[in-house]
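Some notes on the structure that comes next.
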Amino acid sequence: MAMGSVSRKTLVGLGRNVGFGGIGYVRGVKTFTLPDLPYDYGALEPAISGEIMQLHHQKHHQTYITNFNKALEQLDPAIAKGDATAVVKLQSAIKFNGGGHINHSIFWKNLTPVREGGGEPPKGSLGWAIDTQFGSLEALIQKMNTDGAALQGSGWVWLALDKEQKKLSVETTANQDPLVTKGSGLVPLLGIDVWEHAYYLQYKNVRPDYLKNIWKVINWKYASNEYERESA
């Protein structure tokens, strides 16, 4: 049964491709577990406080995983019963919570402490592509900050590789929609969470300040590696 533009097969496949924690089984259904962070909760301070990182990872991300697994477990029985109403309801839950798991699993990899290279500008082919398309890294950052600050409600701002157009693209997605919902050829290189839970304890309601400071801990090495792998 299809889920709009995100199928359960797609969500499971993305989990394999980007390392979204462990995958287990409950009554024959694949389940997902919370991935470990590659750094301590306080390692991104002062850009992002340890308190925010711990709550964001242990509470918010874990909640998406819990609800994603629950919905996946209920989907096949609903299909077997021919319960169309239940199936549609579960598809919505799978898209939202599965998207939350996908997006956050990418987000943690997009960050790294300053002492480990956080904030260091991209080099190589990605740096060249950014300069060519946007004029400079500063211009790209300004565009992403502007688009992220202007996003109404909750969502994400992305730097993507458009594999069909063979170029970089800045995209936004609402709520927990993963980037694949905007096009199957879009590959996320860098995603910034602009839900309030990502910054409110530290930055209150001033999203632009959060967007300004998060670049100090962006892991451009990860984005560069993804760009080179997906461009090959």
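Glycine residues also receive a Cβ, built from the backbone N, Cα and C atoms like all the rest.
Mean pLDDT for the domain 'Manganese/iron superoxide dismutase N-terminal' (31-111) in the predicted structure: 96. Taken from TrEMBL, the feature domain 'Manganese/iron superoxide dismutase N-terminal' applies to 31-111.
The annotation Mn(2+) binding site is assigned in TrEMBL to His56, His104, Asp193, His197.
Annotation source TrEMBL lists domain 'Manganese/iron superoxide dismutase C-terminal' at 122-225.
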Cβ-based neighbourhood (8 Å from the centroid) of the Mn(2+) site, residues His56, His104, Asp193, His197 excluded: His57, His60, His61, Phe107, Trp195, Ala198
DSSP-assigned states of the domain 'Manganese/iron superoxide dismutase C-terminal' (122-225) in counts, ordered helix, strand, coil: 53 helix, 25 strand, 26 coil
Other CB atoms, at most 10 A from the CB of His197 (Mn(2+) binding site): 13
